[in-house]
Amino acid sequence: MDDLFVKPGNQERGWNDPPQFSYGLQVAGSTRSPLTKRGPPPPAAGLQAPPPCGDPSPDQQATSPHLHGITPPPHKMTTPTHRITPPPSGVTPPLSQATSSPCGSRLPPPPKGPDSKAPCGPRAEPDPQPEPDLQAVSSVLAEALEACRQNVSRQVCEDIAKRLRLLEDSWTSGRLSSTVKRRMNALTLEMKSSHWSAADDIHRSLMVDHVTEVSQWMVGIKRLIAETRNLSPELLAFSPADPVQPEPVGN
Amino acid sequence: MTTYQEFIQQNEDRDGVRFSWNLWPSSRLEATRLVVPVSCLFTPLKERPDLPPVQYEPVMCGRANCKAVLNPLCQVDFRAKIWACNFCFQRNPFPPSYAGISDVNQPAELMPQFSTIEYVVQRGPVAPLIFLYVVDTCLEEEDLQALRESLQMSLSLLPPNALVGLITFGRMVQVHELSCEGIAKSYVFRGTKELSSKQIQEMLGLMKPAVSGQQGRPAAPQDPSATCRFLQPVHRVDMNLTDLLGELQRDPWPVPQGKRPLRSTGVALSVAVGLLEGAFPNTGARVMLFTGGPPTQGPGMVVGDELKTPIRSWHDIQKDNARHLKKSSKYYDTLANRTAVNGHSIDIYACALDQTGLLEMKCLSNLTGGHIVMGDSFNTSLFKQTFQRVFSKDYSGEFRMAFGGTMEVKEMGVGGTSQWKVCSLNPSTTLAMFFEVVSQHNAPVPQGGRGAIQFVTQYQHSSTQRRIRVTTVARNWADAQSQIQHIESSFDQEASAVIMARLGVFRAESEEGPDVLRWLDRQLIRLCQKFGQFNKDDPTSFKLSESLSLYPQFMFHLRRSPFLQVFNNSPDESSYYRHHFVRQDLTQSLIMVQPMLYSYSFHGPPEPVLLDSSSILPDRILLMDTFFQLVIYHGETIAQWRKAGYQEMAEYENFKQLLQAPLDDAQEILQTRFPMPRYVDTEHGGSQARFLLSKVNPSQTHNNSNGWTQEPGAPILTDDVSLQVFMDHLKKLAVSSST
C-alpha cells in the first residue's frame, strides 16, 4: 500500500521534528485507545516515599554493565529473568547487517531513502507492477476535457489543457516518481468508473504526500474532476482502452 | 450504585461537562469556604458520533428574558400539550407540530439521554466560509518554497464552496485581486501607516459612493461585486491562485548587513480585518497569518530592525525594558476585539528560530478562538502536518472546524443569561465557567433540591448550516453545614486541578510570577485545612480522603510547569504553551500539567508508571507525553544493547519488538494530535534526556541520594523541591494552628 507511509521529519530545519505521515495514515486516524492512564497514585493522603514502581527485578544487578562487554538482552527462548552467559571477554558480540539509516531505529517502518529534502516514497523495493502507461492516463483526461468543452468556459478549458500538458511533460521527462504515476493511473480508473469522490480523494492524497512533484498541474486535475462530475452522463463516454475495464456508469 | 467516578465520567461522555463540585453548597458563604469555586469545564462541540443532529428548530420558553430551550428537566402535561420551563416556571404551549406527542411518543429533547442535543436551523441565507491568507514574504527561499507548497496543497483541502483571499506583506502590504483574467492585479499599502477600517475599505473600492444630500449617513459598504475581486470561491480561482502562489517572490527590498527585514505585520492584519469587516461581517471567516519573524515596522512592531537590539526576553519585561511591548499589545488587542465582534477569527502560524512576537499578538487568537502554531521553519513536518490538520475531518467526513459561535449560559432563578462569542471552535475547545451561588447563608435549599444550568451554543457548521447545540445539566443542592462529607465526596479533583490551573494562568498574565505561586499555595493549604483529617499540630496524622488525594500532586506539578514558570522559556514560548493550555479538554490539559509516563521492559506488558525519578531504570524504555513533546528514553542497558545492534540478530527478535513498542504507541498520538508534538528519541546520558529529567519528581537528587541504599532510579541534579518535601511542608502548614 504505497499511500500509507511514514517519513522522517526534517531534522536540519526543525529541532526534534516529528515524523511525517502520509495522507492515508492521517485520514485513517487512530484505532487504539489513547494512553491516558497514570501511574499508581501515591498512598492516599499519606504521600510518603513513593511506592516502588514497576517490578524491581531481583537480579537487577545483572543489568549493570559487564566489566568487559555488556550482558546481552534476555534470549527469546528463555524466561525474562534468565540470563544467557555473556560473551567471553575481549570478543565483541557479532554485529549483524548494517545498522539502519539514521531514521531507522527511531520510527515505524523506516523508509530507506534519501534525506527528506526531496519527498521520498516508501521503501524502494523491486516494483512488482509494471509502470503505468502515460497514454492510458492522458487519454482518459483528454476525453474528460473534451466532454467539458461544451459547458465550461474556454478560458478554464485552456487552463486545464495547459496543465495536462505539464503533467505529460513531467511524466515523459522522468520527473515523476513511480508512486505518483501509479496513483494517477488509479485516479483515472476511478474517473472512468465515475467514482468522483474516490478520484477526488486520490487527488487530495497526491497533493498532500507529493506536493513538490504535482503542485504545478494537479489543480487542473482537481478542476477537471469537479467539472466532469457535474456533467450529465451521456456527455461522458470514455472509450474503453482495455476490454476488461468496466462500462462507465452514470454518476 | 454508581460511584462518583462513574457518575462524573458518564456525564462527561454525554454532555462534555465536568464540574469541580457535583453537589452544590446552598449558600454563597459556604461556596467560598470550599476554596475551589463552583465551576465547570465545558466542551460545547464535543464529538458525539452517536448523536445525529435533529432537523427541526428548538422549542423555547415564551418569556422574553428567559428563552430557555425545552429539555428533559421540564415538567410536561401531555394531554393539555403544555410544558413548564424549569428555569422560570412559565407555562408554555407546545407548537402545533408537536400535536402528536404523548407519554409514549416523546420528542427526543425530553428524553434524559438527550440532555445534549443538536438542532439544525433551516431558515436564513447560506453564508459561505471564508479563508483569508496573510503571508509574510520576508522568508528564506527554502522556507518560502515550503510555504508556497503548503498553501497550494491547502486549496485542495478547503471546504468546496469556501471563499479564499490572499494578502502578502513585507515592507509593503499587497492585497491580491483574484479575478479570472490573465493579468494579476494587487492593491499596495504602505507598511508604516495605520489606517482605519473605513479608509481601507475606501482604498480597496469596497464602498459605494455616498449619495449627495444624505449627510450623516455612512457610505453603504458591502458592494458584493467589488468584494468578489479579493475573496473568490475556491472552486473558481483555484488554478489562478495556485499559479499566483507559485510565483510568490521574496520581499524585494534588500536587507542590509546587521539588520532585520522590514515586516509590516500590523498593517497587513489591519487590512485583512478591515477587508472582512466591510465585506462579510457576521459570517464564518478565518484570517490565517503565516509569519517567519517579528513585526519590525509600523503599528504593532515588536522589535526594531537593528539586529544588535534583541527581541524582549522575560528579563527585559521584568526590568521594564521592553520598549514596544505595551503599545503593540494594545494595538493587537484592539484589532482582536474588532475581529471578535465581527464573528471572525485569526490563526497565527509562526515559524522561525527566534521569537516572532507571539507575546504581543496572542490576543488575536486567544480572543477569537483561532490557532497558534509555533515551529522552527515552514519546511518542517511539524508545520506541514499541523497545518493539514486544521482541515481535518471527523468520523462522518465533515470538517471539525466550526465558526461564529455564541454560547449562552442560563441558570435557574437568576432569570438572566450570559453570552459569549467564540468565533472559532473545534470538538476539543473547552471553556471554563465560574458560577456564583447567590443564596444567602441559612436560606433553605431551593425547591426541588436541584440546580440546573443550560448551555446553548449557536454556531456555523463547516457545511455552512447554522446549528444549535443545547446541553442541560442539573446537580443537587446540599446544605454545607450538615452534608459537608457528601459535598467532599462529590469533588472532582481532576477538573478542579485544571480549573485552578486556568485561574493561575489568568493571574500569571497580569501578576508577578511569585505572587501567583503564593496564591496557588494558599488555596491548596486552605483546601487541606478544610477537608483534611488531622490532629492539630501533628503533621503525621494528616490524611486526605480519596476524592482529594491526587489534588496536591497536581498542584505540585502545576507549580513546576511552563504555564506558571517562565524560567527557561522565551515570552513567545510561554504565550504559546498557555494558549493551548486554556483551550484543551480536561484529559489533554491534565497531560500538560502532569505528563504521562509509560514503561516498557521485559518484566511484563507496558504500564503507566509514576512521574518520578525512581521510574528511570537502566533496563526500561520510557515514553513520556507532555502534550507538546513525546519523549522516548532508553535506559542505560537498553541503550547499550541498541548500540551493540542486538535488535538486528534473529535470536533477539524480542528485543527488537521491545524497541518497537513505544514507537508504535507514540505513532498513535503523533497521528492525531493538534498541534503536532515534537518528537524526542534519547537515552541515558543523552543531552535530550533533560526533557524527561526536568519533568519527573526528583525524589532522588544529588542532595539526598544515598550511596549505600539500593533505591532504584537515577538521581536528578537539581535543587528543586521533591514531591515528598512539598507534601511534608504542606502537611505542616495545614495542621498548624497558627496558619
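Cβ atoms are placed via backbone N, Cα and C, with glycine included.
Each residue in the domain 'Zinc finger Sec23/Sec24-type' (B:58-98) gets a DSSP state, and the totals come to 3 helix, 11 strand, 27 coil. Per TrEMBL, domain 'Zinc finger Sec23/Sec24-type' is recorded for B:58-98.
Annotation comment: TrEMBL describes B:127-391 as domain 'Sec23/Sec24 trunk'.
Here the domain 'Sec23/Sec24 beta-sandwich' (B:405-478) has, by DSSP, the following mix of helix, strand and coil residues: 0 helix, 44 strand, 30 coil. Among the features that TrEMBL reports, domain 'Sec23/Sec24 beta-sandwich' is placed at B:405-478.
What TrEMBL records for B:492-590 is domain 'Sec23/Sec24 helical'.
Summarising the annotation, TrEMBL assigns domain 'Gelsolin-like' to B:606-692. Shown for the domain 'Gelsolin-like' (B:606-692): DSSP residue counts in helix, strand and coil, namely 44 helix, 21 strand, 22 coil.
Of the candidate ranges B:127-391, B:405-478, B:492-590, B:606-692, B:405-478 contributes the most Cβ pairs within a distance under 8 Å of the domain 'Zinc finger Sec23/Sec24-type' (B:58-98). Here the domain 'Sec23/Sec24 beta-sandwich' (B:405-478) has a mean pLDDT of 83 out of 100. Helix, strand and coil residue tallies for the domain 'Sec23/Sec24 helical' (B:492-590), in that order: 61 helix, 9 strand, 29 coil [DSSP].
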